[in-house]
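Following: one structure in structure tokens, then a few remarks.
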Amino acid sequence: MKNIASVIVDVTTRQLDRPFDYLIPPKWEGTIQPGMRVIVPFGPRKIQGFVINLKNEHEVKLDKLKAIEDVLDVTPVLNKELLQLGYWLTKKTLCFTISAFQVMLPAAIKATYNKYLQCTEEDKVNLPDEWQALFLNRTKVDWKEVEHLPLTTVQKQIERGVLEVVYEVKSKGGKKTERVIGPIVSLEQLKQVYEETKAQKQRDVLATFIEDASPIRKKMLLSSLGITDAPVKSLVKKGVLKEDEVEIYRDPYAERDFVPTKPFPLKEEQQVALDSIKQSVHHNRHDVFLLYGVTGSGKTEVYMQAIDEVLQQGKEAIVLVPEIALTPQMVERFKGRFGSKVAVLHSALSVGEKYDEWRKIQRKEVSVVVGARSAIFAPFENIGMIIIDEEHESSYKQEDNPRYHARDVAIERGIYHQCPVVLGSATPTLESFARAKKGVYHLLTMTKRTSEQGLPTVEIVDMREQLRGGNRSMFSKELHEKIEDRLQKGQQTVLFLNRRGHSTFVMCRDCGYVIECPHCDISLTYHRMNQRVKCHYCSYEEALPKTCPSCESDYIRFFGTGTQKVEEELVKLFPAARIIRMDVDTTSRKGAHEKLLKTFGDGRADILLGTQMIAKGLDFPNVTLVGVLTADTMLHLPDFRAGEKTYQLLTQVSGRAGRHHLPGEVIIQTYTPEHYSISLAKMQKYEQFFVEEMQTRRSRQYPPYYYLTLITVSHPELMKVVNVVEKIVAYLRNKCANDTIILGPVVSPIPRIKDRYRYQCMIKYKREPELINWLQFVQEQYAQEMTKDNLQISIDFNPTMMM
Ligand SMILES: Nc1ncnc2c1ncn2[C@@H]1O[C@H](COP(=O)(O)OP(=O)(O)OP(=O)(O)O)[C@@H](O)[C@H]1O
Ligand SMILES: [Zn+2]
Ligand SMILES: [Zn+2]
């Protein structure tokens, strides 16, 4: 009998990042499996851990072995494949094993929770007698009530599919909960208590539950009987009723009807693409496809018909879309085609809602997942295809540990399941397009829009000339006229303001003083709502000063153009226009995003003004004009991908115009019309852009010609940082190949965050198979100081953020 479990414990220190052995007490022998979470003693504490392996007694030294304290799961939360994927993540990103396991699970499982055993009404009849008694008049039993039972008997019922373990998140600030009352005795007993009770109000309560034993919201109970809390409290005290606090779960899409859709007859290019993908589905081949299709070429339709094929094989599909594109429109399209077979995972869901969706996946109630980055870890066991839409989006890379890229995880899972991975984009990353050209990925090209209109015409307006001509407005003459024209025709306009890289700092116009965060070397961002300035890195905030702290001038103003300011000007210029503004301020409340888009989609507004969040995925037939207010704000970021990102964004935004019967027009306003990212976006010539940008990358030795690894060292003391980073660089210089370039050490673009000084070094290399081992060695060398002395060394392979 294997009665020893190897456990990865929840401690994030390098020295302890290895399995520890624990004895399995006899009562759990044969029931504990890899992938389950347990509570184990660790030093003076009791902590959580994941069982990864079982062993026999003779494989380990028995003396000193402590025993497992408690078992948290009755069935594994991580299956064999995901455990393996966890090790892979650990190795590839140099994160802690425990972090790799945790990132694959929904937050609810990590949070404090109540554990219940649940049985549906229909399943109750299938329970053995003793269990039926337990579930009498209720569908949910607190885990504490069954804890004393042998785990195997519980497991048996779970395997039969009649019982289920569920977690409910304990309410933490801000989450909606409500009190629920229900009986905890049998109907017989309820009747008996009813007979014995004299107090009329208590009798009323009892009568309610004799009629219908299911738990009821306390508020409703009190108001329907017209009573106070007191009679309920007495009955709870007597042990007849039970009061619970439960989080209010809501299926965010439950109240919505999704109009069922049928597959479109495909256009020729779509058909060719689909056929190739189907081939590899049929032959269970792990191929990576790059579906390069212009905006509006019907990529989503290809995804959906390919998924159809996968479902017919009895397999499952994962579809990743960027968070920002996970609009109601996108969800609607998948729900419309696949109905209740779809689970949706995105960050707007509450912890409980996310957990509910995850559970649907684990219980195999759904076979399609549409979700943002972390949906790549969906616990399916029979994956037939993984799709990554808008594969160029930087949000697919996680910026915290584990610093993984969803594309890499998708390919790893694709290999395991022997299934195709489809990457789709109108503007693929240079890395992916280069791979496709080399034949590493299969290139599928769609050059035409599905509508007869073709791509919109794009016009570039030089804002410097506008200024010379005396126009100081943020709207060029051209854009102004075209908006006027659309208003008259009753067509819609989308205006895009690129906020990323936009300065919204506060500066004194007399002396040039800029307000900065006292803890981070970065300017504070102005928040109009409450007249305060805020740090984006450490959330430090203060009131907007009335006079300049340096020269006391009262001419201290905030700089940069915010959406609110644009809106104000729009109202002045077009008083009759109905305007919708979408930015972080107007969409912070739950459901607001969806509501605003619906208003626009229903034609109840003329102009949609927004930031990045309107650049993707929108498909409104009446939009015939797209205006980009300032195209170049991103070009000047200290990032070698600035040109690529600008090109991608301009193409995506332009792609919102003229997608159906009406032709579309795009106006791009810029101060640098000569930059090739902007001029080629006008011509919509991705392949030419690719060639140009590749030349730049080659000459400047950047990806995809070179790989990058960024090491950032931080500590509250500057000397310490410099000392450590210099040692690391010296060590690496000694090891690395001759053609490897080590830049630095230099001060990071943001020299200080949260009172920690930051230095970095960038390694550029063509081939360094040992690099990962050297960096692991570096981590081990500094493990003590990282645990005890507040030293941080972050290692980012293929970084997407250069700051
Ligand atoms: N074969 C087809 N026949 C007619 N209409 C189609 C067909 N395929 C897709 N469409 C429609 O064309 C429009 C554009 O398709 P879709 O949104 O899938 O394009 P896309 O390539 O994903 O676009 P983007 O990259 O801009 O988001 C949609 O309204 C879609 O319903
Ligand atoms: Zn700060
Ligand atoms: Zn001043």
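Cβ atoms are placed via backbone N, Cα and C, with glycine included.
The Zn(2+) 1 binding site annotation in TrEMBL covers C508, C511, C548, C551. Here TrEMBL flags C517, C520, C535, C538 as Zn(2+) 2 binding site. Residues or ranges marked as domain 'Helicase ATP-binding' in TrEMBL: 280-446. Residues or ranges marked as domain 'Helicase C-terminal' by TrEMBL: 543-711.
Candidate binding-site residues: C511, C517, C520, C548. Those with a Cβ under 6 Å from ligand 3, in sequence order, are C511, C548.
Looking only at the binding-site residues C508, C511, C517, C548, C551, the densest Cβ neighbourhood within 10 Å occurs at C517. With respect to their backbone Cα atoms, C548 (Zn(2+) 1 binding site) and C520 (Zn(2+) 2 binding site) stand 20 Å from each other. In this structure, the binding-site residues that sit close to ligand 2, with a C-beta under 6 angstroms from any of its atoms, are C535, chosen from C508, C511, C535, C548, C551. Model confidence over the domain 'Helicase ATP-binding' (280-446) stands at 92, taken as the mean pLDDT rounded to a whole number.
Residues near C535 (Zn(2+) 2 binding site) in space but far in sequence (CB under 8 A, at least 6 apart, same chain), listed by position: C517, H519, C520, I522, L524, T525, E541.
Within 8 Å of the centroid of the Cβ atoms of C508, C511, C548, C551, where the record puts Zn(2+) 1, the same chain has further Cβ atoms from R509, D510, G512, Y513, P549, S550, E552, S553, Y555, I556. According to DSSP, C517 (Zn(2+) 2 binding site) sits in a coil region rather than a helix or strand. The number of other Cβ atoms within 10 Å of the Cβ belonging to C520 (Zn(2+) 2 binding site), over all protein chains shown, comes to 21.
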